[in-house]
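Here the structure comes first, spelled out in C-alpha cells, and everything after it is commentary.
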Amino acid sequence: MAAAGGSSNCPPPPPPPPPNNNNNNNTPKSPGVPDAEDDDERRHDELPEDINNFDEDMNRQFENMNLLDQVELLAQSYSLLDHLDDFDDDDEDDDFDPEPDQDELPEYSDDDDLELQGAAAAPIPNFFSDDDCLEDLPEKFDGNPDMLGPFMYQCQLFMEKSTRDFSVDRIRVCFVTSMLIGRAARWATAKLQRCTYLMHNYTAFMMELKHVFEDPQRREAAKRKIRRLRQGPGPVVDYSNAFQMIAQDLDWTEPALMDQFQEGLNPDIRAELSRQEAPKTLAALITACIHIERRLARDAAAKPDPSPRALVMPPNSQTDPTEPVGGARMRLSKEEKERRRKMNLCLYCGNGGHFADTCPAKASKNSPPGKLPGPAVGGPSATGPERIRSPPSEASTQHLQVMLQIHMPGRPTLFVRAMIDSGASGNFIDQDFVIQNAIPLRIKDWPVMVEAIDGHPIASGPIILETHHLIVDLGDHREILSFDVTQSPFFPIVLGIRWLSTHDPHITWSTRSIVFNSDYCRLRCRMFAQIPSNLLFTVPQPNLHPYLLHHVHPHVHPHMHQHLHQHLHQFLHPDPHQYPHPDPHYHHHQQADMQHQLQQYLYQYLYYHLYPVMHHHLPPDQHEHLHEYLHQYLHQYLHQFLHHHLHPDLHQYLYQYLHNHMNPDPHHHPHPDPPQDPHHPPHQDPHQHPDPHQDPPHQDPHQDAHQDPHMDPHLHQHQHPQPQPHPQQHPNHPQQPPFFYHMAGFRIYHPVRYYYIQNVYTPVDEHVYPGHRVVDPNIEMIPGAHSLPSGHLYSMSESEMNALRNFVDRNVKDGLMTPTVAPNGAQVLQVKRGWKLQVTYNCRAPQSGTIQNQYLRMSLPNMGDPAHLASYGEFVQVPGYPYPAYVYYTSPHMMTAWYPVGRDVHGRIIVVPVVITWSQNTNRQPPVPQYPPPQPPPPPPPPPPPPPPPPASSCSAA
C-alpha cells in the first residue's frame, strides 16, 4: 500500500488529479515539516481556471463525438435491417449470413468508454429480433410541416411497441435523429453540435424540432379552411372526414365545431336536421347527417321518374324489334347494331363523336320549345337539359371538378361546382344558371363561334353574351373572371385552356388537388382581407355623359336626324351598365307591344335629356316652339330607328334595361309619356312640370366659371340643374340589406371587387409591388415655351450621389417610380435635413410653362395614413326611381369618374367609378418649410423689479 500510494515526492501530472484518487497513505503528518500533498494542492490552486476546466471540456467533447458515432451506428444498423428484410422476402437468397457484420459492429465503439458501449453497442442486436417489425418504422422526415405531426406520433408509437430499451433520453434522441433526412437531418446535426444538452433531453429536442418545422400559421390557415369548407356534391362521409382533419388543428369548443359543421351541409340535409332533436355531440351530429342522407337517397330512388324512360334506358332494353320509336323511326337490326359498335358510332343517330346516352338528337327531341340543346364548350358533345336527363353515374369521378365561390356586391355568395377542361377554348357559364341567379350580363364586342370535338358548331349558336367581371374564389385563390354564356347543363361553369395557361396551376390528377404556385398567382391572385371603410363619402349623382354635351349644338342643326342617330348608337352599344339576361321563353307575338313600350321609354329618355339643354342654348324667342318640335321629331325618329336601324335581337335587351331603370312609379307617374300640352313642357324635377317660358333656375354660365377656381370652365358651360331624387322610398319596395347605405336615393357599399387597388402600395413580396399605373400622363406645353423651368443645381458629394442613385434604382425596381415621357421629367430635389437625405418634389414650378387644364383631382380620405386604408365608393340607382339623375354641385364639390385599375386577359382596360372631390379649404398647399430652419424667437425680457417701499416718516416713527 505504501508503494502504491506513498510516492509523495513525485511531481503532479499536467491535468489535476481526480477528486476520488487511490492515495491511501495514512502516515501521520509532522507538524514541523510541510506535507507534500498540501504542496500539490497549493500548486493546483495556483493554476489558471481554464486549465482547471480542461479535463471537463475534453471529457465532454469525447462524449459528443461518441454520441455522434452512435447516431451513425444506428443509421447503419437500420440500413442493414432494410437489406435483411429484402433478403428475407427473396426465397432464392438463402446464403446470407449477418454474423460477420455483427462481429464488426463493436469496431465503431470506443474501448475506453464503457458507458457508451453499454448504451449503444449492447442494445444493437435487439434491432435484429423478430419482435420488431420493419413496417412499424416511421417514415423518414424531410422537413415538410404537414408531415411533422404524423412523424412524431409514429416515432412515439414505435418506441412504445419496440422490444428495445428506449427509456434513456439519449437513445430516443439518437433514434429520432436517424429518422431525419434532407434539411431536417442537416438541422439536427448542426443543432446537436451547438446544444449538446439536447442529447440528454428528449422532450426539449422534440420541442425544438416542433418549433422549427411546424407551420406558424397552421391554426389561422385551419380557420380559413374550415369556414370555406362545404359539402358540395360529395357525400356526408367525405365532408365529415375533411372537417375532422381540419378541426384537429383548432382549439374550438365542440358547440362551435357543431355550428360550423352545419353551416357547410347541403340545404336539404340541413332542413331535415332542423326537424329532429338537436344532437349533443359532434359525433352524434355526423351520425344523424349520414342517416338523413341515406334516407333521402332511398326516397329519391323509390320516387317514380317523371322523365321519359327512353332517355335513361339502353337501346337493347326493348324487347319488341318492330316497335317504333318516335313514330317514324324503327328499331335497328342486329347487323346494323354490330356495324355501329365496331365503328364506334352512336346507336341512336348513327353519327360519331358521342354515344346513345349522350346523343344531342335525343336531347333536342325531348327538350322544351325555345331551348336549343347542344354542347357547352369546345369538346365532346353536351347533352340536353339537366331537368330532363340525369347525368351519368361516373360524372363525378371522370372529370376534375372544383368548388367555386362567386361574389357579387350586395348579393349572397354563390357556391357552384366547375369543371376544369383543357379541351375548352375559354371560360363558360350555363345560361340557366345565369338566369336563376340573375348574374349581370353584357354584349360581347364580337360574337364567338364555338365548335364541338367533331368540328361542327354547337347547336346553341354563336356566343354573344358574357358576364361582367366577377370575383371568383377557389380556396385561397382569388381572381376576377368574365364567363361566356352558353348551354352547359351538367357543369354550370367550365374553366378552359385560357384559365389554365394564365394561372399555370400544379394539378395532381390522382388526388384531384390543385396548387397555385406560379409567379402570376403569387403576385396577382393572393387572398386579400377586406379592409373596412373608415369614412363614407357624401353621395353625389353620376355625371352627365360628356359626349351628350358635346353634341348639343349639332342637335339643333337642320341635320339633327343624322347626329341624333349616331349619338343614340354610341350611347346604347358601349353602355357600361349591365344588359339583362335574355328571356328563353320570349314569344314573337309580344314584339309589337314591346316595341311600343320601348318607343315610349326612349321618347321619355331623350326628351328628358334634350329639352333642358336645348332650352338653355336656344334663343328665348324659340322656347315656345321647342316642345312641339321635339315631340314631333322624336316620335318620327324613334319609329324609324326601331324598325330600320336597331337589330331586332337588341330590342329585348334594351326594353328590359329601360324597364328596370326607367319604370315610372305608378303612384307618381301614371303616364309614361310626358304631357302633350305645349304649355306643360317636360319637367326638370320628375314630380313637377315647370313653365317652359320661365328661365331655367341655373346660374349664368359666365358666373359659374368663376364659382370655383378648381373646376373646369368647359364643364360649367354645359352645366344645368338636374332633378333631385325622390327622398321617399316606395312602400312596396323590398328593404335592402344593411350592407347598403341609403343616401338621397343612391347607395354606397364597401368595394369588395376593388381589392386589387386597396393594397396597391402594400408589397405582396419582398421589393415587389403590384402594377397600378396604366397610362403615362401627357403634359401640354404652352406655345412658345421651350422648356420647363428648373431650380438651381448644386454639386453633390459622391456619397450623396450614390445614395440618390440607389434610392431611384430601388424604387424603379419596386414599381414606385415609373419612367415618364413628360417634358423635363419630375422635379426631383435632393435635400439634406437633420443628417438625413430626403427626396422632395416641387409641384409649383412646372405650372409656369404648361397648360393648366385644371383637371378634376381625386382626393383620398386620411391622406396621412397608409393608402391601403382608403375606401372607394360605387354609386348605383335605387330600384324604382324612374329617371337617371346627374351631378349637381354643392360645397364641397364632388362627382364621379372612371379610374383605370388594370387590364383583363384580353388586354382591355378595367375602370372603376371613384369619387372625385375638390374644395378650396381641403386642397390648399401646405406651407413650404424654410431651410435652414428659422431661429426660435428670443425669450421675452425679464419683468422689471418691483418698486422699493416708501421710506418711513418721522411722525409714524414717533
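Quick reminder: no glycine exception, Cβ is built from N, Cα and C everywhere.
Remember, it's a predicted structure, so these values are computed and weren't measured experimentally.
Looking at 344-361, 524-541, 866-883, 902-919, the stretch flagged in Swiss-Prot as zinc finger turns out to be 344-361. Per Swiss-Prot, the annotated ubiquitin cross-link among residues LYS140, LYS223, LYS365, LYS371 corresponds to LYS365.
Looking at ARG275, ARG331, ARG341, ARG857, Swiss-Prot tags one of them with omega-N-methylarginine, and that residue is ARG857. According to Swiss-Prot, of the candidate residues LYS161, LYS225, LYS362, the site noted as ubiquitin cross-link is LYS362. Checking ARG224, ARG309, ARG773, ARG844 against Swiss-Prot, you find omega-N-methylarginine recorded for ARG844.
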